Structures are given as structure tokens and as C-alpha cells.
């Protein structure tokens, strides 16, 4: 209680404090040792999996029967793998079951056109083409083809797409925006605000013209409820209600943005000053813009190791087949035999069930503990991924804190702040990074298990169990968000003071609570401005992608690929946001670090000659504070 009371009180002045502590000691040593042991055990699991697994699983794709595609001299010479519904592979359950719950076939070529099953059966030539992506034995007169899982509901073209051009454009725009923000922060912020309002306004006007143009079109007045869900999303663009909904949503967004700008105009000036200071900090630490590439590379290594280990763990010895189903079935995920499954009792009771290859297993001691090894692989994947992210946050925080606390900038800034901060983080604070990432990994694994339980209880009739599970999922989602926020600020305090994780998390929490109004307004306004920057980039690229793929721009009409389905601009927009987020994450980390340093500066110093503020003159002016000279 006394520790909490002392932590909740404002900091006292320390004449020896000159920024990030250089002479520091190792923190959270027990967690460091535990993490190293876990990593060594992880390598042991990988070696064991590679010695027991089948390497052909990595080289060749495997169909639903566990057979390898593309092997010369066998019946399965078709080299490519086709998924009936690849969207099912996006489920978090794949992390636990290591198998996509949809039919997979070996094919010669991937589909090169968009086609639905209903439309294909009308034209004989289309039906012959469509049958090449169905199970063997499908004939013209068969019924319930889709219900029995004999064919996919639709074919989507799979070929190199020029959407990557749009993603390169997002990278270039983001880089240009960051560079301009470095030199023209104040002007760029106001230009960004105006452009966001204009882009959203253009969206409203465009939706209105599309809505008006469909006024006399036949069939355009049907409602979205009447047509229901359609696999061909271009259908929705020929309905007036779709454009009306878009127009209303954009109008609401426009009004919210304008109202926020009106009521927060004074705080925006302070936020702009903070962004300007962040621009100066990044200007002195230009290598920070390229640090996310290292984080991306390390995350790619972690993901690759997890994926390869998971593949080898799931390819040990004999093939195991399990029942996969769309609706409730008492035999779900039980073992089955594909040879006689169509005439089995399971197929009779669960008509929509399928007997698909799940993994490779056996009866040895290794296979008895295989599920434990798979769980350990998933857990270490989350732990390592969070550790890499935490390392990036602490490295950037240490570099930017070195800038803020330098009394004579840039003279007192270290020569290589990024490398110096990275070295301090790895040498002294590996345990603190492991501690914070371990807490987050445990919460994330619990969320995956809850998703798995939710999937298993999909057909259950107990409404209380469903309600309880929904509440647990919501609570752990909120807990994960809070822990991420706390960890981020704890890493900043560790980078500055060199204390252990718990002490740093406590200090950061109470520092923010003592300045809760500034946190709620200033920091969040800054986040809002950076979000507008990402929104602007996404909006520009999204508009360009829509007109490019739809062929409405005459200059690109001959080179634009055919837009078979309207998911492509959406995926490009999501990719653009991720790219912009990668660049702006450096700015966000810089702002968060400077903000905590700013709060510490206000508590430690009073502007006197003995305790001068280290914040820039722009912040001093806005706060009506100044540093006094010795004569004053």
C-alpha cells in the first residue's frame, strides 16, 4: 500500500536525472531465464517434429484425403491445390487443428474466371469447365451437388493481380507523407484535416450521383433485405439502397469529424506542437523510419518457424481423417474412414458432413503427447511474436527518450540512438520484455481456446452457456486491449529508467492517472490526427483502386485487369491501411514516448534556473510556461 501511495504521488526533482539511465542493471532475470529455456525447448520441439514429420508435406500440397499433389510417376500428377472455400482457412481454429475445414483437390490449373455453380449448369461448356474443380464422379443429372459437398459454390479467379501496384502506391504515398510531415508538420496536419473532409465529402457526392443515376433503372428499387446475401458483390452496386446506405454512413462520419475538430480546436494546437516535436525527433533519428523493417523480418521468421513446425507436427506417420460439418452434428471432429464414409451411419445422420484428412498420427508415446507439442508450438508463437513487437516498442522509446532529455539538441543525442537503445533493451531488459509478452500471450491463447469452445458449442441449445461464453470473449478482448496499452507505456518507462517491468507498469499507470485529462484529450487527439493521416492514404488509394479495377479511368482502361469480384479494391484498401499503419507506428511510438516524457518533465521541473523544463519552446508557449534565468 505504501508503494502504491508513493507511486501515485508526483515525482520529486532529481538533479542527477539526465534522461535514459546509462548505468543500469538487468531486470526480471527470472523471466529472462524462463524465456531462454522456453526458446531452447522450442528448438527441441522443432527438431523432434522435423525428425518425425514428412518433409513432402512442406514441398507438396496435400488434398483432403492426405494425398500429395504434383508427384511424378503417381496418379496425382496435378501440381496445384484448390480449396472449395478458402475463407474458412481464416478461422483462428486453424491454429489448433492445423487443417483448413474445407474440401481440397489437386488440380492442373487454378480458375481463371468467376463463375457460380447455378450459372455454370445453364451453359454446357461452362459446366464442363466447372466439373474440373469438383470431386470425381460428378455427372450432369446429379442433384444436391452443393449440399453433398461435391462441388464448390463458386469459382474465383486465382492469377497474378495488379493490386500490388496499388500497394506500392500506398507505400510511396506513406513515405512522402512522413517526409513532408518531418519538414512541414503544422501545415501538413491542417492540409491533412482539410483533405480528409474533402475526400469524405467527395464520397458523399459520388454516392448521391450513383443513387440518382439508378432512379429509373429497372430492379434498382429492391431492398437489401429482399435480395439477401449474394456471392457476386457487383449486384449490390446496382441497387439504390446500397448507395443510400453508403451516403448516410459517410455523412455521419463527416459530421463527427467536423464536430470533433470544432470542440477540440484548442487541444489540436497542442497536439500539433507535439507532432512537430515528434517530427524533429524523427529527423534526428532518421533510422527509426526503417526499424519496422527489422520488426517485420523478425516476425516473418517467427511465423515461418511456427508454420513449418506445425506442418511437421501434423504430418507424423499415418493419416487421420475426421468429420467436418457445417451444422450441428454429434460426430463432429470424430475419426472416420473416407473409403466407406458415404454409406456410413454418420453420413446418414449428418448429410452435410464430410470425411476430410485432418493430420498424421499414431499410437506411440510421441503421438500421445502430440497435442501437447502442438499447443506448445502455438503458445510459443504468441510469446515470440509479442516479444518481437515489444522489442521494437522499447527500442524506439529509448531512442526518442534520448532525444527529449538531451539538454542541448542535437549535441547531447547519442551518435546511434536506435542501435544504442536496441543494445540496452537486449542486454538489460530481455526479462522485462519476456514478462510483458508472456502476460499478453497467455491472454491471447485463452482467447483462441474460447473461440474453439464457441465453435464446438455452435449447435448447443444451452443459451446460458452461449451467453457466458460471449461474455468471456468480450471480457478477454477488453483485457487484451488494456494489457497492450499498459505494456506499451511500461516499456517506455523501462527504456527511460531501467526499472523492472512491474515497477515501470505501476509508475506509467499512476503517471497517466495523475494526468488523466491530458491523456484523454491531448494524447487521444494526437492519435486522432495520425489516424486521419492513415485514413487519407487509405481513402486516396481506395478511390484509385476502385476506378482502376472498374476500368472507369480511360488512361488505364487497356491495362486494367478484369474486376471479377469487388473484394479486390477492399483487400487493396486493407493492405494500404496496414502499410500506412507500419509507417505511422513509428510516429505513434514517438508521440507516446514524448508525451510520457512531457508529463515527467512537468512533474520533475518548475522552470527555474536549477530545474528548467526540457520541453520545446512551442509547448512552453501553448502551456503559458517559461524557463526562468538565474537573474529572474
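Placed from the backbone N, Cα and C atoms, the Cβ positions cover glycine too.
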Of the ranges 128-145, 146-163, 164-181, 218-235, the one TrEMBL annotates as transmembrane segment is 164-181
Can you say which of 27-50, 243-264, 289-313 has the most Cβ pairs under 8 Å with the transmembrane segment (426-450)?
27-50
Rank 243-264, 289-313, 378-406, 570-599 by Cβ pairs under 8 Å to the transmembrane segment (27-50) and hand me the top one.
289-313
Under an 8 Å Cβ to Cβ limit, what residues of the same chain, 6 or more beyond the ends of the transmembrane segment (570-599), are close to it?
163, 166-167, 170-171, 173-175, 177-178, 181, 274-275, 277-278, 281-282, 288-289, 291-292, 296, 393, 396-397, 400-401, 404-405, 488-489, 492-493, 495-496, 508, 511-512, 514-515, 518, 522-523, 526-527, 530, 533-534, 537-538, 541-542, 545, 615, 619
